[in-house]
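Enquirer: I am attaching a structure below and will ask some questions about it afterwards.
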Amino acid sequence: MCLIIGPTGVGKTLLLKRLQNFHSVKEIDKLGEIPSTIPTVGTNLVNVPTGKKQETVIREVGGCMCPIWNSYLKDLTALIFVIDISNTVQIAASCIQFLTVLNNTAVQYTPILLLLNKSDQPLALSRFEVESLMRIDDIRQNTKHQITILEISAFNGKGLTEVIDWVHQASTKS
């Protein structure tokens, strides 16, 4: 099972809906209308196609459930943490939540994907700025975690192929 978490309003539900209906890089222009979403209260389970006749189950846990995220960290094949890089006020809180998750021994050997979502927004910070603010270099030096970082936009489809490839690789390693 792959888990996707992050603060409220970062785009986890839209990302999952996009991944569920996305099958190749050739289809980015055919993503269609933006699906409607509401904040997740509780959890969602979504089957995401990751290859020919292959699917990975991704569980989304709502941002409002942050106090009990630790309950969902056991027996994961992969962990995806999403932040909104256009919301500068929320980045510090996102960093604290991310560090809290990293400190949980249940994810000690779990591959982690940090998604910098909403890169299409006019006020979005650059990847360099976010990595500096979150002190990603220090985190990488002081942890055994394998952390991959991708800059994406669930809105326009940027990075969806890379996310699916990462989920596929993480799921097949377990």
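Just so you know, glycine gets a Cβ as well, placed from its N, Cα and C.
As annotated in TrEMBL:
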BINDING   Gly6, Pro7, Thr8, Gly9, Val10, Gly11, Lys12, Thr13, Gly63, Asn117, Lys118, Ser119, Asp120  GTP binding site
BINDING   Thr13, Thr40  Mg(2+) binding site
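Can you tell me where each of these features sits in the structure?
Expert: Shown in sequence order, Ile5, Gly6, Pro7, Thr8, Gly9, Val10, Lys12, Pro39, Thr40 are the residues of the chain, 6+ apart in sequence, with a C-beta less than 8 angstroms from the C-beta of Gly63 (GTP binding site).
Within the same chain, the residues at least 6 positions away from Thr13 (Mg(2+) binding site) whose Cβ sits under 8 Å from its Cβ are Thr37, Ile38, Pro39, Thr40, Asn44, Glu60, listed in sequence order.
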Enquirer: Enumerate same-chain residues with a sequence separation of six or more from Asp120 (GTP binding site) and a Cβ-Cβ distance below 8 A; give 'none' if the list is empty.
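Expert: The answer is Ser153, Phe155, Asn156, Lys158.
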